[in-house]
Amino acid sequence: MNESKSNLERVRAIIRSQYFWGIVAIFLLLLINLIKDPSYLNLSYNPTTGAFVGNIIDILRAAAPILMIAVGVCLVIATGGIDLSVGSVMVVSGAVTMEFLSAANQPDSIGAAALAILLALLLSTVLGLVNGVLVAFVGLQPFITTLVMMLAGRGIAKVITEGQNTSATNEPVRWIANGYAFGLPVVFLIAVAVIVVVSIVVRKSALGLMIEAIGIDPKASRLAGLNRRGLLLTVYAISGLLAGIAGIFATASVMTVDVSRTGYQLELDAILAVVIGGTSLAGGKFSIGGAVIGALLIATLDKTVLFLGVPSSATPAFKAIVIIALCLLSSERVRSLFRQRRLTTPLTPKETVPS
Amino acid sequence: MVEAVAPAVEMVGMSLRFPGVHALDHVDFTLRSGEVHALMGENGAGKSTLIKVLTGAYPADDGELRVQGARRDFSSIAEAQAAGISAVYQDVDLCGNLSIAENVMLGNEVRSWRGIDWRRTRERAHATLSELGLSSLDLRTRLSDLSPAVQQLVAIGRATVVHPRVLVLDEPTSSLDDREVAMLFAVIRRLRDSGVAILFVSHFLEQVFAISDRMTILRNGRNVGVHPTHALDRAEVISIMMGKDLSTLRRLGSERVVHRREPAGLPVLRAEDLGRRGVFEPTKLELHRGEVVGFAGLRGSGRTELARLLTGVDRADSGETWIRDEPVVISTPRTALRHRIAFTAENRREEGVIGELSVRKNITLSLQALRGWTRPLSRRERDDIVERFIEELGIVPADPSVLVKNLSGGNQQKVLLARWLAVRPRVLVLDEPTRGMDISAKVDIQAHVAQLAAEGVSIVFISSEFEEVLRLSDRIVVVKDRRKIGEISNGPGLSVDSIVELIAADAGED
């Protein structure tokens, strides 16, 4: 009895590890796809383009924007806040890029591309800063602040493009989303690089510690002399910047910004990715690695839905079911419910003695 | 005739346990109709618990509660209210965005078949407030537009709408100034004269003596005395509250320390007229290098508030501050930190350590805040600092990666102390650093404080234990009813008794 219990504990400890179920879910989804089509995981090398081709590569490419916003939102959530505006900041960034490029009309110019990207990222960061100012200095609720920004952002994008879906041609920007380097999609490599940089900055500077501290206990952190406002400002700005990068990724693949669909509801994907990664919405301890797993899972899920041919009208429901199942599995309360049932079941017959 | 009638409230053998605490330990308590009865005791003595049992917020474990002679077992606040027991709490629990009339009548609106009859509801609100002598109030005023005192009166109006036989007033004067208190007392007397039994809880000793007819004193959950107010003097009340016989207090005082020295030269920190309305009266304060200044006063006397104003935790609304001869503005803990002024709060779990972070992170947090996020401590520096303080202060377990929430109170306090020592403070303000500790941990902390003073840190030491304050301090600032009532140089002649007498002798300004 005791031995089996300690084994159980051990298994439970593994299961409880933060993003264990996220990884399991990714493998399960891949397995389902593999059952439907045994060649699903095949990779082929295309010597003319110097690139690997396959479903996995597609997933990685699709994951890039979600990875960006998931990491940004992860930091915001760690401070005890939330950022609902990332999807809208994406469309603003995309709109700036496309509008600038279409006006510049220099299909091969790296300069134009760099300027467009710089402008887009600048505006995205400013939007993030606005969120930060409203939360940190004005003292508005993060939920309300970023909800307003979510609505305003799409409006700003429409103003920039005058309500049109703007297309542009620019080879360097296109290359970012569709090109290959070292056999892998450029967009994925950039995403990885950005995540590595953010992780290093957060974990090697004192930023991570401070974000955690203000997320866990704002009052005690204030008394410890932390600059809560400055930290909030930084974090919302980072989230805006990363959403800007995501917006460029999302629009560059088709070289069109669709003002009503680019980044639409992606904030929800980002939040889900963070939660799947084991970061509590209550703030405090956070895991960028977890958010990455979460983002990869969401990208896998999106591709699986397409691959299985789930009717587009049923897609949200399918996605919801998978995510709910995942959240339930990782919820402490549901687990303790199972535990309790296991404990009480043998007792019930005794208790129901007829009176 | 009064004696023939059953008392408004009678408790016999009332007991309530919380995990680890006997909050009420077989308390007998009687409250008569037509009296103002003060419930006295230091924080944690069981006053709030007794009130909560009386008003049905907590069920008692054991004991009997009789209201007007009838045995009662309240399982909810509503039941207690139905039995005629109303309460007004310290924090006004009214709705700021509703009118006076709405607040007074909330839950007791006059209804007709069409719903609430607003005209008659307002009439009843007016009638209720008139009984309290508040007929001049405009019923349509939004509550948030009123002063705290008037809000407090409206809260009493709300409690008396149901014509209670028992009215509980829990710290009703904590945010009021003298004039406003007088206004409130007029209302209380009027209610008392109409036969309502009033239970009055206040930290302000003078107010208790001004308004109450009898008092019950609690200590550690026990009833340690019921007296007519006029039969006791203030010193007696204090000594009963603290559980020390006056002669014992006298003896304890003579163990006086030798390290005392006269403050000389420019003070490290000087504050003139430091205060905040309703929190602490403007006060002058000087802290010298290597000096321990004790703040003595009962719990709730304002010593914590003064410390918090001094260190920028709460913002002062008057006064100026100098560090040596340089004027400074200390408006937040962060600016205090920049001037190397540190404050450890009384409730170390909520405002001190961060339980979910490790010992290592807790210790380095303020130093890191001082350096800024871009200049992280190297692993080596960090480990050096953490290890040094774990060793110097004897933090157990000596494992920097353990979460602070898993440490004992004494060790949490040491972690907090280490956090501030790591920034090499000029001024260190310690609010109840030894609270809830066993004697060895206490002595340990005291020894560290003495050591720090010897190293030149200027220290403010706050404790409910006057002996402790006496043993450590060079100078003692005595605080009562939210103001400084005196400052004494410590010396062989000084005893706990002298402080108690100073507090007792001060009869306030009214």
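Cβ from N, Cα, C; glycine included.
The transmembrane segment annotation in TrEMBL covers A:20-36, A:56-77, A:84-104, A:110-130, A:180-202, A:231-250, A:270-298, A:305-331.
Counted over residue pairs 6 or more apart, the CB atoms of the transmembrane segment (A:84-104) and the transmembrane segment (A:305-331) come under 8 Å in fewer than three pairs, which marks the two as apart. At the 8 Å Cβ threshold, with sequence separation of at least 6, the transmembrane segment (A:20-36) comes into contact with the transmembrane segment (A:305-331) through 3 or more pairs. Counting Cβ pairs closer than 8 Å and at least 6 residues apart in sequence, the transmembrane segment (A:231-250) and the transmembrane segment (A:305-331) reach fewer than three and form no contact.
Scored on C-beta pairs under 8 angstroms, the neighbour of the transmembrane segment (A:180-202) with the top count among A:110-130, A:270-298, A:305-331 is A:270-298. Sequence-distant contacts of the transmembrane segment (A:56-77), counting only residues of its own chain at least 6 positions beyond either end whose CB sits under 8 Å from a CB of the stretch, comprise 41, 43, 83, 86-87, 90, 142, 177, 184-185, 187-188, 190-191, 194-195, 198, 202, 211, 235-236, 238-243, 245-247, 249-250, 253, 263, 266-267, 269-271, 273-274, 277, 279-281, 283, 286-288, 290-292, 294-296, 298-300, 302-303. Listed as Cβ neighbours of the transmembrane segment (A:110-130) (distance under 8 Å, sequence separation of 6 or more from its ends, same chain) are residues 85, 89, 92-94, 96-97, 100-101, 104, 149, 153, 156, 170, 172-173, 233, 236-241, 243-245, 247-248. Outside the transmembrane segment (A:270-298) by six or more residues, the chain places 18-19, 21-23, 25-26, 29, 59, 63, 66-67, 69-75, 77-83, 86-87, 195, 198-199, 202, 211-212, 215-216, 323, 326-327, 330 with a CB less than 8 A from a CB of the stretch.
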